[in-house]
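A.B. asks: Shown below is the structure under consideration.
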Amino acid sequence: MTRQLSLNAFLHDTGHHEASWRHRDSAVDRIHDIDFDTQNALIAEEAKLDAIFFADAPGLWGATPFRPAGHLEPITRLAAIAARTERIGLIATASTTFYDPYNLARLFSSLDTISRGRAGWNIVTTQSEAVARNFSLSELPSASERYIRAQEFIDVVTKLWDSWEDDAILADRESGRFFDPEKVHSIHHVGNHFQVEGALSQPRSPQGRPVYVQAGSSNDGRAFAGRNAEAIFTAHQTIEDAQAFYSDIKSRAVAFGRSPEDVKILPGLSPFIADTRAEAEELQRYVNSLTVPAYGIAQLEGLAGVSLAHLELDEPVPLEVFGQAGDVLDNNRSRLQVIANIVERDRPTLRGLLHRLAGARGHNVVAGTPTDVADIITDWFQNGAADGFNVMPPLYPQLLQEFTQKVVPILQDRGLFRTEYTGSTLRDHFGLARPESLYGADATEEAHVV
Ligand SMILES: Cc1cc2nc3c(=O)[nH]c(=O)nc-3n(C[C@H](O)[C@H](O)[C@H](O)COP(=O)(O)O)c2cc1C
């Protein structure tokens, strides 16, 4: 079979455009309604998409009066959605900086079991100072410290998820033995950040481990992804930037002894879709006209760490404003570099730049016909820039529906996307192998009986 696209729907309140909630038909009164989440999940499932995904931060991060704020916790939301869907993968964000590994291992193992093997974990280290203050910390650990903790975190949860071998449960009424103690292992982890005895409080889940997803682009983030990630969310404006990222991550994975196919690279794509290009552009113009410049400016100032108060909205942004963007591989600078590149390449006015970013915070926003969108996807997929896409509709559910009903069939006709699910787990959808337990029969590590 020809190589197949992976398509993920990134669910985000009324849509990814920051002003989508002000659209006359937005679902702004339903963003805390699980029926709305489920409706979007079912649209994605009907089109055979690989997964839905929720972002998260454990705090009222970046909340301003100009945008819906206060999202529900994603693992809980996905557990509710799991009960009302059958095949679609369910990816939740959770932070290695603020969770404890044992708690997190229980939650994802439960989600994987409840959903019969559809859980994925978007592993983030969380960049917010304000969030740190919710967790008894006066300041956020540095980015490199956070990634060091993240690696130990992964090592611990991996051992916990593997601590019950797949055939540990006997449920033998005759002998009276429910499980085989030889097959349930303490992990005895002793490290710099964590000391965890184990075993996990529950048996191995259907996928063995949730799918490991990651979304960082700095040097530390890429190293972490190359070693651990099975799917990566990333933001690129041009195919050239995406190609460079793609080959870098694949070679890092190979350097860790993995195969390039073991990691799926999914850039963000936020498409305004209509039957004609003019209508799609008009829709984009309308939603852009609803933005509040003060909001966009505050976001941009926060990201760039500079004041933009001296700039005129309708004058070109001077190059030097983002000239200090720094190396794309420095921690937390990757999205800023995307913005610096837009300013250098397209010389937008400040209002124009704010509109570019309003769509999806630096992800690739396009406006066109279903064929235009399918052509971009095909081009990136066939030319070493992507294994699929993290689809970020500007307005939910309308523009998800346009995508699933009009773009997906074109991709199916081109033989690039499934017309039916061929498996039942998220690993099946992504074409990823189910990992053996580290403590299985062939394990070289010493087995520890509970
Ligand atoms: C599509 C996408 C989704 C993300 N979702 C989250 C999120 O939900 N929570 C979070 O704390 N960070 C999120 N991030 C940010 C990354 O995890 C990471 O912190 C950021 O890219 C900076 O890391 P870096 O310095 O390695 O580039 C997301 C990034 C991308 C590209």
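Backbone N, Cα and C define each Cβ position, glycine as well.
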A.B. asks: Starting from the FMN binding annotation in TrEMBL that includes D56, Y147, S217, S218, which of T93, T96, T113 is the extra site residue?
C.D. replies: T93
A.B. asks: Based on a Cβ-to-ligand 1 distance below 6 Å, what subset of the binding-site residues Y147, S217, S218 would you report?
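C.D. replies: Correct list: S217, S218.
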A.B. asks: Provide the number of Cβ atoms within 10 Å of the Cβ of D56 (FMN binding site), excluding the reference atom itself.
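C.D. replies: Step by step: centre on the Cβ of D56 (FMN binding site), count other Cβ atoms within 10 Å, giving 19.
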A.B. asks: Where does T93 (FMN binding site) sit by DSSP, helix, strand or coil?
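C.D. replies: DSSP assigns T93 (FMN binding site) to strand.
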A.B. asks: Taking DSSP three-state, what's S218 (FMN binding site) in: helix, strand or coil?
C.D. replies: coil
